[in-house]
């Protein structure tokens with residue numbers, strides 16, 4: 001007989017009964033969790049006006065976002081200090097993560113834009129801290145399901161209200177300065193339909209999780225609302241990935257052998273990398289794609305991938321600096337109509353290739369080992385874990401890996417999908433170290 005779902009998400013890191021503190025009484029944990037959730041998902045500047053000239057400035061809004069990140073980090077640090085969960089954070093700081101960040105710092109030091117790379121690396125490290133602290137806020141698994149569903153429902157309702165009352169700021173318009181061809185696609189409070197689509201896939205996973213552990217009505221309501229919004233966003237990649245994201249992890253958790261579980265889950269991301277990056281790097285792949293696809297260029301991404309591969313090869317060891325290549329003035333201002341328009345792209349539109357450009361092939365290998373390899377090892381080491389939480393983690397992790405073949409998800413600043421991927425990677429780590437238990 002299976003044991004009932006237990007009542008603790010995080011094991012008391014200091015042992016014993018633990019001292020009482022203000023976070024144990026009142027609604028403070030709920031307020032902190034939902035405040036963190038809404039700040040990350042909605043941000044300080046929702047409903048971006050894509051018809052404004054400010055949207056063409058990649059630096060615009062950066063200062064306000066940095067200030068909010070620092071304030072959120074400070075509040076979470078106070079929470080961690082007062083609740084005594086520092087040992088949990090130390091367990092999450094694996095040697096692979098430390099080595100990855102150290103290499104990123106080395107890459108930043110050798111970058112032409114060293115100051116920019118260093119500043120963005122600090123923000124990336126703070127995001128990792130935030131994701132780890134985020135997991136320690138709920139009192140138990142049921143509380144985690146409740147809070148994450150309430151937060152997601154608030155965001156979805158805000159998005160629908162935006163479509164109803166602020167359509168010019170919630171639906172792509174023909175007057176948008178960027179991608180006017182997306183007119184009519186829903187984006188809600190987010191800056192782009194692809195971002196909105198990715199959020200809705202995650203919300204569907206949250207809803208299914210909540211339907212099992214908290215409230216079926218709230219959970220399935222979230223699934224339905226997020227599904228409707230996803231459909232009207234017309235976001236191709238999230239829509240196409242939704243069925244495998246729902247089905248394959250569900251099959252994987254039922255497999256008796258871990259090697260079969262990860263063989264199943266890694267097969268699709270590897271195949272997607274083969275047909276995307278392989279279409280420009282491996283002779284014959286593009287020709288094969290053209291015979292079975294109407295658009296073997298993946299909406300023009302092949303030009304960006306070629307440009308990214310050329311620049312990754314130019315500095316294969318340390319790269320061009322963490323988040324200090326795309327959109328920089330040196331790159332954009334030197335563009336001429338005779339050169340590849342790939343240099344005008346905002347990123348490589350592939351998570352792993354983007355890491356190669358930013359931090360070299362060594363940085364990409366270290367990051368891949370932490371993102372892909374460490375969760376596999378941690379799952380092998382885990383003896384007891386709640387199956388519903390494991391399924392949620394696997395769905396988010398799998399979705400992030402698959403979407404990284406089309407978008408630069410990994411280590412993307414401001415990406416809530418990357419934030420949740422960090423939470424799942426750390427969650428697997430804490431399960432293995434028995435800090436995250438049934």
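Every residue gets a Cβ built from N, Cα and C, even glycine.
These features come from TrEMBL:
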type     : residues : note
DOMAIN   : 223-366  : domain 'O-antigen ligase-related'
TRANSMEM : 31-51    : transmembrane segment
TRANSMEM : 63-82    : transmembrane segment
TRANSMEM : 88-109   : transmembrane segment
TRANSMEM : 121-138  : transmembrane segment
TRANSMEM : 144-169  : transmembrane segment
TRANSMEM : 217-232  : transmembrane segment
TRANSMEM : 239-257  : transmembrane segment
TRANSMEM : 263-285  : transmembrane segment
TRANSMEM : 352-376  : transmembrane segment
TRANSMEM : 396-428  : transmembrane segment
Contact yes or no, the transmembrane segment (263-285) and the transmembrane segment (217-232), 3+ Cβ pairs under 8 Å, gap 6+: no
Contact check, the transmembrane segment (239-257) vs the transmembrane segment (121-138), 3+ Cβ pairs under 8 Å, seq sep 6+: no
Distal contacts, the transmembrane segment (217-232) - CB-CB under 8 A, six or more residues away: 145, 149-150, 152-153, 156-157, 159-160, 185-186, 188, 196-197, 199-201, 203-204, 206-211, 238-239, 242
Recorded stretch, among 31-51, 63-82, 88-109, 121-138, maximising Cβ pairs under 8 Å relative to the transmembrane segment (144-169): 31-51
Sequence-remote partners of the transmembrane segment (88-109) [C-beta within less than 8 Å, at least six residues beyond its ends]: 10, 13, 80, 117-118, 121, 124-125, 128-129, 132-133, 135-136, 318-319, 321-322, 324, 358-360, 362-363, 366-367, 369-370, 373-374, 426, 429-430, 433, 435
Intrachain neighbours beyond the transmembrane segment (121-138), with Cβ under 8 angstroms and 6 or more residues off its ends: 9-10, 29, 32-33, 36, 40, 66, 69-70, 72-73, 76-77, 79-80, 83, 85, 88-89, 92, 97, 101, 104-105, 108, 144, 147, 322-323, 411, 413, 418-420, 422-423, 426-427, 430, 436
Whole-number mean of pLDDT values that fall within the domain 'O-antigen ligase-related' (223-366): 88
For the domain 'O-antigen ligase-related' (223-366), the number of residues DSSP places in helix, strand and coil: 99 helix, 0 strand, 45 coil
Non-local residues, at least 6 beyond the ends, that sit with Cβ under 8 Å of the transmembrane segment (63-82): 21-23, 32, 36, 39, 43-45, 89, 123, 126-127, 129-130, 133-134, 136-137, 414
